Every structure is written in C-alpha cells, then in structure tokens.
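First the structure, in the form of structure tokens, and then the observations on it.
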Amino acid sequence: MPMMRERIPPGIHLIRSLRGKEWSLTTYRYVVLLLTFIAYACYHASRKPTSIVKSILDPEPVHRGLTHPWPVGEVFIKETVMVSNLTASPGKGWVPFNGKDGTAKLGEIDVAFLAFYSAGMYVAGHLGDTLDLRLFLTTGMIGSGIFVGLFGMGYFWNIHVFWFYLVMQMIAGLFQATGWPSVVAVIGNWFGKRKRGLIMGVWNAHTSVGNITGSLLAASVLQHGWGWSFILPGACIFLGGIMVYLFLAAYPEDVGFACTNGMVSSEAEVLPKDVQAQISKGNDVEAERKPDHVSRERGAAVGILEAFRIPGVIPFALCLFFAKLVAYTFLYWLPFYLSQTEIGGEYVSVKSAGNLSTLFDVGGIVGGILAGYISDKLNARAITAASFMYAAIPVLVLYRIYGGISKTWNIMLMMLAGLFVNGPYALITTAVSADLGTHKSLKGNSRALATVTAIIDGTGSVGAALGPLLTGFISTKGWDEVFFMLCVGALIAGLLLSRLVFDEFCERKSERKSKQNVPTDVSAYKGGDAADSTGPKGTGYVKGGGSGGAIVHASITTAMLALLGGAFIHV
C-alpha cells in the first residue's frame, strides 16, 4: 500500500495559521524552486569530501602552489619543484589507504558509490512515484547525512578496516539516489511545459553551487581532522532534509490548487473562500479534504516497464549515457589533464589546474540555461539536445589542438566545451525528464515523473562511471585517444536522437502548413499553453510528413564524421 501523504507540510500549516491567509501560486512556485535548489545542492555538497581528503588518506607528492586559491590568487602558477604533501608527512596517511594499493582502494570507493547510486536510481524513481515525494526526499537527505557522517566518524573511532568505508559509501550511494528523481518530479508538478526548459536550465545551477559549497566546507575544517570534512557536509544535508519536511509542498493539491491532467494550471485557484475562512480560523478539516480527493485522481504509480514504454524515454536515456560519459570524464580528469599539458609554453601547478577547471562548469551553467531557453522557443527538445552534442565535437577537437597555444585560448575553448557538453546533459536530466513524466500516453497520471527521471538519469549515471574508468586506461596511450573517445561519445549521443529529431522537423513543417491553411478566426487557438496538449517535445508523437528533417540530420552527421576523422589525422 502506498504511504499515506500527510498533505499540508507542518511549516506551511503554521505559516497559514499565523498569517491567516493563503500564499499565491507564484509564491508557492518560488518557494518550491528555492527548496529543491537547496536540497539538491546539499546532495552534491555531501559528495565532495572524498575528493578533498584523498591526499590526506593517501599522501602523495604535490606541487607547491599559492597560499590563497583562485580567484584571490593567480589562476596560473608555473610548475616548480616537487615537495612533500603539505598536510601529511610522507609515509603517513590513513590505513588502509596509505599503502601501495591506496589509490586503487580510493578508486574502488568511488566506483562503489556510483554503482550503487546508478542501481538505486531505478528503484528510487518508482518509490518516489509510489510514496509521498516530500517524505521520500526527507528520508533520502537524512539517510545521506547519517552515512556521510559515519564515514567521517571512522577518523574519531580510529577505524582502519577497508570494508567499513566501502559499505558506508555503498549505503550513501543508495540514499543519494533518492534526490534527483524527487526534485525533478516536484518541479514537474508545479511548472507547465511552456517555460520549463528555461526555468530548469537556471535551476540546474544547483549542481555547481553544491560542488563549490561542498569543497569549501570540507576544506575549511580539514586542519581539525579529516573526519570533520565529512561530518559538516553530512550535517548540512541532514538539516536540509528537516527543512524539506517542514516546508516543501511536493504536490499543488496539498495546498489547495486545482490541477488539470496532473499539472497545476497557470490560472489555478486556491480553495474556495469558505474553506480559506475556515483555515484562517484554525479549522483545516475542509482544507485537507480537498487535496485528498485530488490525490486520488492522480492514479496509481507507473511501473518501471510501463515507464520504459513511454515514447522517447529509451532514446533520451541512451543519449544521456554518452552525454554523461563525456561530461563526467571532464569532471574527474580535467584538472589532471591541465596539469600535464603545456599551456603557453609552461605547465601549471596542481592547485592552479584545479582552480582553472572550474571554468568548465561556468560554461556548463550558461549551456544549461541556453539549451533550456532555445528548446522552449523552438518547442523542440530533441533538436536542441542533438545540435549541442554535434556542436561539442568540433569544439573538443579545437580545444585539444589549440588549447595549449595560450592561457586565453585555453580558457575560451574550455568554457565553450563546457557550454556544449553540459547544455544537453542539463536539458535531458531536467526539462526532458519532466516532459516525459507527463506524457500524453499517461492520460493525466502524474505519478510517473520520478520513475521516468530515475530511468533516464540512472542510465546516464552508468555512463558517468564508465567514462572516467575508460579514461584511466586510454590516457596511458595518449590524450589524443581520450579526446577521440569523447568525440565519438558525443557523436553517438546525437545519433541516438535521430528519430526524435526527424519527428520534430516533421512537426515544424506540419505547423507551418497549418498556419497557412488555418482561417484567421481560428488562429487564436494557438495562444496560452495549447501547444502543451500535443505532448512533450521530441518524444516521437508526430508521425509522417516531410523528409527535410532527415536530410538535415544526415548532412550534420556526415559533416561531423568527416571533421572528426580529419581533425585527428591532423593531430
């Protein structure tokens, strides 16, 4: 039996009682955006400590850098003499990570986290649609905080057994899997499709904010013992879970907004005035009765196999597999690549390389916003995602060939690569997932958002784990081979959307014909959110009509293959 939802969150119920009146729909949407932004930033912040403390657990020689990090100090520092690790003496560290196989053990912990995170994503998505999203997200955040903190407690409990840290990461990965399907589902419940791409493009910046915040928190207490670097971010996500429990209205019906086809309308009204009057008097019996009635109309949760059959889910999931393979390879290996590559006739220090690599994420934030805005304007998610992936190929080639000319060239091309690589990644994991979770084939049932999001992002997370793993082997042969792998991955990601791109081109062509033939007095039908009734963009819901899309897509594919082959022959 599904968990009975507790309807109005206690914090909102208290605010209602104190104010004596209801918030507007716009206010609720701002609150939902803010709370989900903070929630997923906490998830990412709690994932950063392992990368911060690796040099403490397994001391290795480092390059001497500046005292103050970027942007306080200089971004680039010329490579100088090798010195011992500044925070641990040679041969020290933490058993069992300071032996000859210490680096391998740290890698095993990372792989274990990603593996359980990916596997847990599929289960978490279905549970998110079955249970109350607010309670499910709260449980995930509190559980993540506990097990991230327990990893750090190994320092204070003086634990030197490898399996303890491995198990902590595995369980933390399972709890972390609850985050993404839940927050995307909540956003999908509150926002229609019309401007969903732009809104989610801006909202997706929580990933970078969480990464930066987690790094700062973990580093700020490192001198007091590496255990605190886990306990502090763990405490933050724990407190974030409590905040979500108190204030997040996961469903518009919970606070009295009427929904059509499982989606809150832009003209939605709150409960009738007589019910609001009872709320202001402290009697919320009628207020709770209305949301409970609406919740039954949402229908039963959609199964995983049924979600797989939604048109567009499999192509976008496979596309994200390769998109995340490219994106996460940069995430894990870009600092190392920068420190090993001559830029403007000199090498940069390890710290400078890490500081410089953040500009890739800056470009990614811009790319996510731009991809969302363009997909909204064109009403075409697949065309936008495929175009960005194709455009990433020549940019990656240019970055490999010309990134070492000067610092300026390196920064510009790196940010441009981040824009085109992370743009479709952000678009698919947010707006596309929400679109597919409310596909017309579901007949108004909104209980598929978390499941669809989990399928897409879970498949992408497998690619996220595979990309860095392959890079570790391929990089021994040379960085040209690594960039060739990235370009092939981007090309495959674009090709996987070929059918959906063709359908969207056909839709655009049919729309142009209908505009020419529709009488003037009927043209008003185009206003509002009418386009939403056709279903999500790029999901194969248009059949037949025209071959222009296929010709354009084939031309782009041919051009990309030719450019890719010629460029690496040149290198």
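In case you wondered, yes, glycine gets a Cβ from its N, Cα and C as well.
The domain 'Major facilitator superfamily (MFS) profile' feature in TrEMBL is assigned to 34-505. The transmembrane segment annotation in TrEMBL covers 27-46, 135-157, 163-191, 203-222, 228-248, 313-334, 354-375, 382-402, 408-428, 448-470, 482-502.
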Two-stretch contact, the transmembrane segment (228-248) and the transmembrane segment (313-334), at least three Cβ pairs under 8 Å: no
Stretch of maximal Cβ-Cβ contact with the transmembrane segment (482-502) [cut-off: under 8 Å; candidates 27-46, 203-222, 313-334, 354-375, 408-428]: 313-334
Distant-in-sequence neighbours of the transmembrane segment (27-46), which means Cβ under 8 A and at least six residues beyond its ends: 137, 141, 144-145, 148, 172, 176, 179-180, 183, 186-187, 190-191, 199, 203, 205-207, 209-211, 213-214, 217, 233-234, 236-237, 240-241, 243-244, 247-249, 252, 255, 257
Stretch with greatest number of CB pairs under 8 Å, the transmembrane segment (382-402) reference, 135-157, 313-334, 408-428, 448-470 candidates: 408-428
Contact call for the transmembrane segment (448-470) and the transmembrane segment (163-191): at least 3 Cβ pairs under 8 Å, seq gap 6+: yes
Segment-segment contact (the transmembrane segment (313-334); the transmembrane segment (354-375)) at 3 or more Cβ pairs under 8 Å: yes
Folded-back contacts onto the transmembrane segment (163-191), same chain, C-beta under 8 angstroms, at least six residues removed: 28-29, 32-33, 36, 39-40, 43, 46-47, 50, 108-110, 112-121, 123-125, 127-129, 133, 136-137, 139-141, 143-144, 147-148, 150-151, 154, 199-200, 203, 248, 250-252, 262-264, 429-430, 433-434, 437-438, 446, 449-451, 453-454, 457-458
Averaged pLDDT, computed only over the residues in the domain 'Major facilitator superfamily (MFS) profile' (34-505): 78
